[in-house]
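Read the structure below first, then the notes.
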């Protein structure tokens, strides 16, 4: 019987030692996660801003506007852009949205200018007649999501939002 008790005690000591080892490993992993999270948070990241939104052209089914986006890359290597998502709103309604897949890369240690074409169907512009009024423009909000592929971190979205006024095309724009 002593042997049986001795075996139980040994297994009990091994079990307790194993539990302490697992707890220490868990604490070590938590410390490593916190360290990495702190370093990633303090890492410089690309920054972007919308520099302009302006009329580009009229086609037979839509009006095309062009948003210009300036993106600075703090890294010494180019960064691939996975996609650009956009949503153009006016009078509280979404009037255009879309995705531009694989628009290129950000230049290394430099600023890259990106063109984001936004097509608004004529039928939607007609529904905004109240907002157009006498000044022949629409108030807008442009929301962009610039999805880039950062090494080690993975896909990272830079959110942008800009409000302003866009001039509508005149008759001379349509025949130019």
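Cβ coordinates come from backbone N, Cα and C, glycine included.
Positions annotated as transmembrane segment by TrEMBL: 6-23.
Break the domain 'Water stress and hypersensitive response' (48-165) down by DSSP state and the numbers are 10 helix, 85 strand, 23 coil. The domain 'Water stress and hypersensitive response' annotation in TrEMBL covers 48-165.
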Within the predicted model, mean pLDDT of the domain 'Water stress and hypersensitive response' (48-165): 89
